[in-house]
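Listed in TrEMBL:
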type     : residues                                                                      : note
ACT_SITE : Lys8                                                                          : active site
DOMAIN   : 69-131                                                                        : domain 'GHMP kinase N-terminal'
BINDING  : Pro91, Val92, Glu93, Gly94, Gly95, Leu96, Gly97, Gly98, Gly99, Ser100, Ala101 : ATP binding site
ACT_SITE : Asp123                                                                        : active site
Amino acid sequence: MRLVAPAKLTRTLRVLGRRADGLHEVEIEAVHLALADTVDLAPAPATTIDLVAGAPWVDLARVPTDATNLAWRALELIGETGTLAITKRIPVEGGLGGGSADAGAVLRAFGAPLATGRHLGADVALCQLAGHVDARGIGEQVMALDDLDAVVTLIVPPFGVATGSVYRAWDALGGPHDDDEVANDLEAAACAIEPRLGALIAAAERRTGRRPRLAGSGSTLAWWHSAGTLGLGDEFARGPAAHVTVGGDDVRATRLMLADLPVWLIETRTLPRALASPATEVSSETPSAGESA
């Protein structure tokens, strides 16, 4: 069985506070994207994971293949075992919910009750429902929202940011809040532990006149555009150092230099729930891992 596991992009992320058990309560509005992993799942007496890099920006060295992998944990949670062959296209440690997307796809495939995903975290609960979603608490309150039709431009840097480290930094900073309409309370914390993020945000704003926002806990940055409009690829193409372009109907990616760092600029679209949470993979052209700068 082949499953689609679409990336999750936060539109707003508000951290309400830290609980006595160390977990943080959040309010998240998120969408799912045409940029997606695929998970080939087959019954087996024991669980194993094989990984394939389905895009040139994926660093498989940072993806666990043991029982700490969220897709493995999802199988374990519902009392199942199997072989998982995962083709990774979602950036690793990029704030786009790659591991959570894989786990959510597994839970959907087995028809697990919607409340199941929260046992693996708020992101898994979001990804189990997919589409345009609102989540609160630690993932125990998840609600489907009307489909949001939009184009997004992503900047994927050559480094990731660990979610746990960002939340600890948020605590250490006194719990800063972001008052923007497209808000992310974790942005200041992520920039504090990874200063290159701040440099990328500033360079991207100088280049385009628009400030990108952090996706989840980072390290991916994002701009939102109305449906039917172009993203920012042309703005960047007019500048220097656009090296390699990877074609695709729903995912277009360009390799370039920004703030003295090699980054990927990815343009993709949001998915309606009917496409974000199918039983089997939706067909679309995706970038090849063989493309390189």
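Positions of Cβ are set from backbone N, Cα and C atoms, glycine also.
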For the ATP site given as Pro91, Val92, Glu93, Gly94, Gly95, Leu96, Gly97, Gly98, Gly99, Ser100, Ala101, which other residues of the same chain have their Cβ within 8 Å of the site's Cβ centre? Ala7, Lys8, Ile90, Gly216
Cβ neighbour count within 10 Å of Gly99 (ATP binding site): 29
Pairwise CA distance, Lys8 (active site) versus Gly97 (ATP binding site), rounded so that it is a whole Å: 5
Separation of alpha carbons, Asp123 (active site) and Pro91 (ATP binding site) (Å): 15
Name the residues of the same chain, 6+ apart in sequence, whose Cβ is under 8 Å from the Cβ of Ala101 (ATP binding site)? Ala5, Pro6, Ala7, Lys8, His32, Ala36, Asp37, Ile90, Cys127
Restricting to the chain of Gly95 (ATP binding site) and a gap of 6 or more, list residues whose Cβ falls under 8 Å of its Cβ, or answer none. Thr10, Val161, Thr163, Leu214, Ala215, Gly216, Ser217, Gly218, Ser219, Thr220
Check each residue in the chain of Glu93 (ATP binding site) that is at least six apart in sequence and keep those whose C-beta is under 8 Å from its C-beta; list them in sequence order. Arg62, Gly160, Val161, Ala162, Thr163, Ser219
Going by DSSP, give the three-state secondary structure for Lys8 (active site). strand
For the domain 'GHMP kinase N-terminal' (69-131), what does DSSP give as the number of helix, strand and coil residues? 35 helix, 7 strand, 21 coil
Near the Cβ of Lys8 (active site), how many other Cβ atoms are there if near means within 10 Å? 27
Measuring Cα to Cα, how far is Asp123 (active site) from Gly97 (ATP binding site) in Å? 7
Sequence gap of 6 or more, Cβ distance under 8 Å: name the residues on the same chain that satisfy this around Gly97 (ATP binding site), in order along the sequence. Ala7, Lys8, Ile90, Asp123, Leu126, Cys127, Gly216
